[in-house]
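These notes concern the structure reproduced below.
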């Protein structure tokens, strides 16, 4: 019988800091349980631990460290560092486990914990369930003897290691001389490494969202609030703008006119570039159910096939591994380039876009506009208690909407994996139809809550 997860969601454990499940007590117990799960044999075991710039990161970090040490694991601390850097360093240092303390694009009051195996990939649902089962048990008799308690140390060159790894994804012999780039690091984990990597490659770098104070992460900046980036690109006469999120596993682009370029366009651009160079391992490009139908048509024109998964970069990665594909991503900006990373890496993806810009010598507004997207609308409906998604009235409304859209459009209803929200998305060539269907579905979901 398979074990079930209660704490872990689609991207680790996440919640409001100092409230269940993001408490000191749970973080410490998680450290103990994960430490025991990944301690095999009598040799010293090590966990690599990083975080973003949230104030609560100090608290969660200390709790996790105490848990891991009590389980007999040595802890290597790297401080604020992008999520993909933690995955990369876990592999590079031959650590038994990697941990990232971050709530990604969420507000500063939230925090989260993501776990990576020794191969740098996020843990499977089954392994997370095993850790939860250990957390629910009495671990007192299984913790380390006094002479086997772990030690904590700090890795001082973590930033430099990640910067060099990211730069290695940029074509050898090419530079960014003459390019003026605005980089928005969301006051998050990449505030030092991303601007430095671009500068070392020769770009003129204009920084915004690079002054974290513990509470301003993702605040009116970064990939979830790209308006400041778009304005800065125009104001500074920049060639391109790059927006990362709080843990730098997402990226969005602004062209020289200050217009936003989403993950679907970025994915199509990299697919075309890599396809021309013979660098694609597969004719299948992996994206999620949120990706625009225009992306599918664009890839078809390139002789490629779009394969869809559930939302979440972990599911994109899993499908890529099954297919042997080396390129996948999400409309939200998660770009997985498995030649260079085991998870979404915003900086590495941005460097692929910049490589095309340098190669073609054309403006970003021309290079990055790969297709005209279908009109698409996404709305979130917050709920309390039980999800209204499976209510008969909602299902009836869904069937009517899908019949009306036919094969010329799509309707997607899904529950968020991190918040009590139902996401309603529709797309079709007729924008008025899209707007009406989304409005009707949102009304049906709201009405179902009232009835319940």
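Positions of Cβ are set from backbone N, Cα and C atoms, glycine also.
Marked as active site, phosphoserine intermediate by Swiss-Prot: 104. Among the features that Swiss-Prot reports, Mg(2+) binding site is placed at 104, 245, 247, 249, with the record citing sequence analysis. Sequence annotations record features per position, and here Swiss-Prot assigns phosphoserine to 104.
Each residue contributes its Cα atom, and for residue 245 (Mg(2+) binding site) and residue 104 (active site, phosphoserine intermediate) those atoms are 7 Å apart.
Compute the center of the Cβ atoms of 104, 245, 247, 249, which mark the site for Mg(2+); besides them, the chain residues with Cβ within 8 Å of that center are 52, 82, 83, 102, 105, 188, 189, 244, 246, 248, 250, 344, 346. Neighbour list (residue 247 (Mg(2+) binding site), Cβ cut-off 8 Å, at least 6 residues apart, same chain): 52, 82, 83, 100, 102, 104, 188, 189. Every protein chain considered, the tally of other Cβ atoms within 10 Å of the Cβ of residue 245 (Mg(2+) binding site) stands at 34. Taking Cβ-Cβ distances under 8 Å and a sequence gap of 6 or more within the same chain, the neighbours of residue 249 (Mg(2+) binding site) are 82, 83, 84, 104, 313, 334, 343, 344, 345, 346.
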